[in-house]
């Protein structure tokens, strides 16, 4: 798409995990599509950052034109005061967090980077699009209104994203053609819509229903049972944790466990997330599962 607008290759930077094209679940090896009947989107796509290079640290460094990465021969956004920068990010998300393959990016760090770029005159205007659950929380009450940054998100700050249009050939969800805007209410009323939280459950159930190989069915059933067991473990773990600190809370533990609370102390929240991630369970392991339809893809472009 960038190329079709005449943007030179030197001004396009692509960061993606690169686990779709050669996945054992891909019925068209080496080919990636995102809509029924759509073209191959994999051939010729630059692999500037892939696999273990896909980290929040590299993402922010690329945005800000990190000289160390440039010395290593890696592409970075080498922009100035007259440039227009476009950033796209697609992955899983949660409250003020975006998921990477092995860790997460905090809203505060992303917004600090945007302010820094503005202060260093690294763009005339910058647009950033984020496609993830609760992606609106990355900017709500955080994004400065005087730095010439336009931000938009696929979901509101407290809203999930949805999978739509199951495809039997690919055994995953694809975009519709032509693509339409589907609001949450409509999605909830249609049995084709699947919350990203339940995507892997539904995916496994559909594969179990489809397979005629008894060994494959048993393997998938075991995987589904393991997934349910993992969910129950996390639910039990979180319930016990919240109940253990009930005496410190100003909100009833039942409300904390079953309703969405407004975030009112960002620093405390980030400390809790970091501490829990380091000492209890890895957040990225809970939110990012290896399902074909939710592989990460991030991109950064700069136009002169």
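Glycine is treated like the rest: Cβ placed from N, Cα and C.
For residue 92 (active site), other Cβ atoms within 10 Å of its Cβ number 24. The active site feature in TrEMBL is assigned to 92.
A 10 Å cutoff on Cβ-Cβ distances gives residue 133 (active site, nucleophile) a total of 26 other Cβ atoms nearby, all chains included. Per TrEMBL, the feature active site, nucleophile maps to 133.
Per-residue confidence over the coiled coil (194-227) averages 92 (mean pLDDT, predicted model). Residues annotated as coiled coil in TrEMBL: 194-227.
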